[in-house]
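Inspection log for the structure reproduced underneath, given as structure tokens.
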């Protein structure tokens with residue numbers, strides 16, 4: 001490991017990398033991308049070797065957790081091989097994936113064998129028509145089969161991620177919690193993030209705070225604060241009498257920037273220091289200009305951390321400040 005460390009101007013150590021392996025996806029979720037999304041040419045996407053080089057540089061600088069994201073990461077050809085290489089790295093404490101679940105029926109076992117420890121599976125509705133409205137795809141049965149396949153593969157923890165929107169799916173909060181409870185899954189409810197203009201709904205109107213979601217759950221189930229932490233922004237509560245933990249990701253109502261320990265790298269090789277800021281460092285250009293120069297890459301990462309802002313300033317009642325789509329950023 002290098003003597004250099006990833007520390008930002010506010011003394012926060014970066015130990016968590018969210019690495020996007022593709023901007024492509026087989027769904028078109030309304031809060032994530034537009035129906036007619038134009039994807040980056042393949043030549044602009046990091047190769048598998050470049051993705052591993054980025055991960056290797058971060059590991060050498062003290063990163064202990066890597067989450068593979070997309071787009072939908074499991075549609076990336078060769079991703080299992082990349083995961084096998086990362087899963088063999090003893091320095092990593094956690095290797096996880098965020099997925100829409102569509103590819104899990106045939107990949108869950110391979111991911112487990114590759115060394116993936118945890119899965120986050122997006123699920124915003126248990127109703128077929130509403131699921132299709134959210135994702136623009138009639139694939140609920142496929143996702144539910146993927147969840148079953150992940151459970152059968154023996155992952156230690158599986159977490160559902162649900163973006164809650166008022167008058168769109170907030171009436172399913174209890175159904176989603178009880179679906180998770182019946183299967184010993186965790187679930188996180190997410191306030192929609194204002195990234196890109198992706199659909200016609202007004203985020204100010206559909207905004208549903210984490211406090212509102214928790215109040216709905218507590219109408220039927222007792223919750224107690226949990227000390228459980230995964231290194232991400234979720235704040236967890238335990239459902240009393242159940243193995244299920246309920247997390248809340250609250251970029252608007254409960255800013256989670258104070259203990260930020262993470263950065264993102266997009267599939268195009270852009271180092272994103274903060275989800276709520278446009279600034280990014282082009283790692284792809286650096287690597288292609290100086291192929292194989294791991295020391296130069298590590299030094300660039302250390303220097304870039306000096307520019308990491310203290311926090312984001314997300315607001316629903318303003319024009320979108322960050323124009324890149326969530327699918328491009330890496331979910």
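Just so it is clear, glycine is given a Cβ too, placed from its N, Cα and C backbone atoms.
According to TrEMBL, the feature domain 'Radical SAM core' maps to 9-233. The predicted model assigns the domain 'Radical SAM core' (9-233) a mean pLDDT of 93.
Residues annotated as GTP binding site in TrEMBL: 18, 67, 98, 159, 262, 263, 264. There are 24 other Cβ atoms within 10 Å of the Cβ belonging to residue 263 (GTP binding site). In the three-state DSSP assignment, the secondary structure recorded for residue 263 (GTP binding site) is strand.
According to TrEMBL, the feature [4Fe-4S] cluster 1 binding site maps to 25, 29, 32. In the three-state DSSP reading, residue 32 ([4Fe-4S] cluster 1 binding site) counts as coil.
The annotation S-adenosyl-L-methionine binding site is assigned in TrEMBL to 31, 71, 122, 193. A 10 Å cutoff on Cβ-Cβ distances gives residue 31 (S-adenosyl-L-methionine binding site) a total of 23 other Cβ atoms nearby, all chains included.
Here TrEMBL flags 257, 260, 274 as [4Fe-4S] cluster 2 binding site. Residue 274 ([4Fe-4S] cluster 2 binding site) carries neither a helix nor a strand DSSP state and counts as coil.
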Practice task
Would you mind reading off the Cα separation of residue 193 (S-adenosyl-L-methionine binding site) from residue 18 (GTP binding site), to the nearest angstrom?
Solution key: 17
Practice task
Measure the Cβ-based neighbour count of residue 18 (GTP binding site), defined as the other Cβ atoms within 10 Å of its Cβ.
Solution key: 22
Exercise for the section: Give the maximum pairwise CA distance in Å, whole number, for the residues 31, 71, 122, 193 listed as binding S-adenosyl-L-methionine. Expected result: 16
